[in-house]
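Enquirer: Here's a structure for you.
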């Protein structure tokens, strides 16, 4: 059965949570396979706001399931908090979530380590300080804890003792980790998750279910934050392209839909390249209209015009074959709207950067459009049609508000143009 992957095509915060929540009603299993609690997906259901940092964005009023795959790093305490919020409104919903036992864990000392490393950097990256980088770092260094380790108290203690010995020697005088506190923390949180009814399994165990059912892969962050293809070093510590689906033992094919979520403008959290960034009053206006404040950190997001050169790069890196345009309504009321159609790099005009380092030297080339007061006006359609043609990729859906139902297929959207 064909699969659907929904990924951010910019620097994250494109509105993936709402889009995933909309499409989850047509799918049986929603899979998250990368990142951790550094992602923030906001969902509105019956006029109530829910913010997920870890949980896949399942549909609350269906029987869809969520699967946290082994490409993630999971902060157990955060997961418990999110489940308890949902349990208050949807009793028993925790039983609809599955976790791969081979998934690695974000521990309290990872957060401390994250802050320590950030404070020591000459040029801070602007991390969320949720411990994501150190957790992935420990995974690669073979010194982290996995969910499967929690099933055996004795082996868990041995594992933690070895890790703590290394950490305390590396960070002597900077931070100190206690073995008993760490073990007790892990066992307590694991017990709480079991009592909530979370299922612990593996991609291999549910292989037939994933193969034969309708599956949606929910991306985290955006392609421009990908560890390999993003604006390094100002990136996250995991894969943010559609290829992260391999962590659930799935290989996406040309027959599957890889849907890129594209905001009608652009935003970014933290440091790093941002060719179309706006400043001062222009930035404040767009930030306020779009409510561009981080769901994870609360920080002001940097904002700017939509960037087609960046999007061409993202489409190529993740083989995007469909686009959802979000937050189209935020630009309502602008007299003029700009679109970056390419870059000047070292004095040469380019439609798309060839490598991520090119973003450091990019000077945007703009085309200006007449604005609109409502997305159902012909001027917005002209804006959208131009973008679609330039990217050579169909904008198949348009999202025009925060509610899950405020999304339309393009053909229906066009029929409503005044």
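A Cβ is built for glycine as well, from the same backbone N, Cα and C atoms used for every other residue.
Taken from Swiss-Prot, the feature GTP binding site applies to 12-18, 40-42, 301, 327-329, 399-401. According to Swiss-Prot, the feature IMP binding site maps to 13, 14, 15, 16, 38, 39, 40, 41, 128, 142, 221, 236, 299. Per Swiss-Prot, the feature Mg(2+) binding site maps to 13, 40; the stated evidence is sequence analysis. Residues or ranges marked as active site, proton acceptor by Swiss-Prot: 13. The active site, proton donor annotation in Swiss-Prot covers 41, and the record cites sequence analysis as its basis. Look at Swiss-Prot and you will find 295, 296, 297, 298, 299, 300, 301 tagged as substrate binding site, backed by sequence analysis.
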Enquirer: Nearest to residue 38 (IMP binding site) by Cα, among 12, 15, 18, 328, 400 (binding-site residues)?
Expert: 12
Enquirer: For residue 298 (substrate binding site), just count the other CB atoms lying within 10 A of its CB, please.
Expert: 8
Enquirer: Considering Cα atoms only, can you say which of 12, 18, 40, 41, 42 is the nearest neighbour of residue 301 (substrate binding site) among these recorded positions?
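Expert: Going through 12, 18, 40, 41, 42 one by one, the closest to residue 301 (substrate binding site) is 12.
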Enquirer: Between residue 298 (substrate binding site) and residue 15 (GTP binding site), what C-alpha distance do you get in Å?
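Expert: Each residue's Cα considered, residue 298 (substrate binding site) and residue 15 (GTP binding site) end up 16 Å apart.
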Enquirer: Just to be sure I understand: of 12, 300, 328, which binding-site residues have a C-alpha no more than 10 angstroms from the C-alpha of residue 221 (IMP binding site)?
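Expert: So the list reads 12.
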Enquirer: Cβ-Cβ under 8 Å from residue 18 (GTP binding site), same chain, 6 or more residues apart: which ones?
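Expert: Those within reach of residue 18 (GTP binding site), by Cβ under 8 Å and sequence separation of 6 or more, are 42, 43, 44, 326, 399, 402, 403, 404, 407.
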Enquirer: Could you check which of these binding-site residues, 13, 128, 299, 300, 400, sit within 10 Å of residue 41 (active site, proton donor), going Cα to Cα?
Expert: 13
Enquirer: Using DSSP, would you call residue 18 (GTP binding site) helix, strand or coil?
Expert: helix
Enquirer: Of the residues named as IMP binders, 13, 14, 15, 16, 38, 39, 40, 41, 128, 142, 221, 236, 299, how far apart in Å are the Cα atoms of the most distant pair?
Expert: 34
Enquirer: Between the Cα atoms of residue 128 (IMP binding site) and residue 300 (substrate binding site), find the distance and write it as a whole number of Å.
Expert: 13
